[in-house]
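Following: one structure in structure tokens, then a few remarks.
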Amino acid sequence: MSYQALMNSLKRKVVLPVYLFWGEETFLLEEVLAKFKYQLIPPDVMDFNMDVVEGKNVSPEDIVRLATTLPFMSDKRVVIIENADLFKAQKKTGEKSDQAKSQEELLIEYCKQPLDTTCLIFTSDSVDRKKKLFKAVQETGMAVEFTPLKDIELNDWVENRINGMGKNIETEAIDELVAAVGSNLRMLDAELRKLFNYTGDRKVINREDVLQLVSKTTNLSIFELVDAVGERNSQKAIQLMREMIIYGEPPVRLLFMVAKHFRTLLQAKTLYLTGYAEKQVATQLQIHPYVARKCVRQSKNFSREELEQALEKILETDISIKTSYREPVLALELLFVNLCRQERAI
């Protein structure tokens, strides 16, 4: 089951007796847990009706005991078992004891016939879908994998997030923000809060706001730098490079990002010339559609041979910096002039 399906069920106020949450996107997972805590139990009786237990510190029998405790002055109890190893693939370290098997069967039976007054939630970093316990949770509850949001889902999340704060955000601003910050929701949330405060009484956040604010706290300046090289604007690229080095950005990291960008340009050009549409390029390279669109556009500024030779020149620059043959700032300046020259043989 997906995160979106879970949110839709919660909007309809459908609360199941058993849940299993796992996956990489811990920010969403933590937010969902908070929703269960504060929507199901009145604050004044929270202490009596909430148990959060580390999985390794509790037995299946203890979990059943907690789950079968009746709520006090509340319609529901919430029991959260964090990092539940019970759902992971069993390591081959010998047979389980009869007692361990018996306790696990007890928990399986509970999950098949759970109390309606308890919302039992397990979290884990990974699961084995073949396990009986996993299947038992699916029978009466919901197993949800929290995967990183991508493309439209990610943009929608950003828009909904800022809407929830009482403001709107332009599509171009979302694209710029995601391109700068990436898909890390924790970082995106932090930047959205800064943008909310930065824009004051204004109700709409625009691209210029993102450029003005986010560039001071994220990798946006690096993206501006590689874009300048991709647009063959050596003057802007050199200016940005000097500013970033003054603020402590290592020259080798800047060179690495330029190399990464040119590899992407070469891949994007190859796919585009083969007949791939921009959306297909994004899928093949596993990059945001906005980034793919920009890379396809920039790749048209270079021939395929120029891109291949550019990567060779970047490698030569890397060697010259690491062997102290050339001072790093000068090496980067010469590289950018060479890459951005309109008529050249690299």
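The backbone N, Cα and C atoms fix where each Cβ goes, glycine too.
Feature annotations, courtesy of TrEMBL:
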- 19-145: domain 'DNA polymerase III delta N-terminal' (DOMAIN)
- 221-338: domain 'DNA polymerase III delta subunit-like C-terminal' (DOMAIN)
Composition by DSSP (helix, strand, coil) of residues within the domain 'DNA polymerase III delta subunit-like C-terminal' (221-338): 96 helix, 0 strand, 22 coil
Average pLDDT across the domain 'DNA polymerase III delta subunit-like C-terminal' (221-338), rounded to a whole number: 91
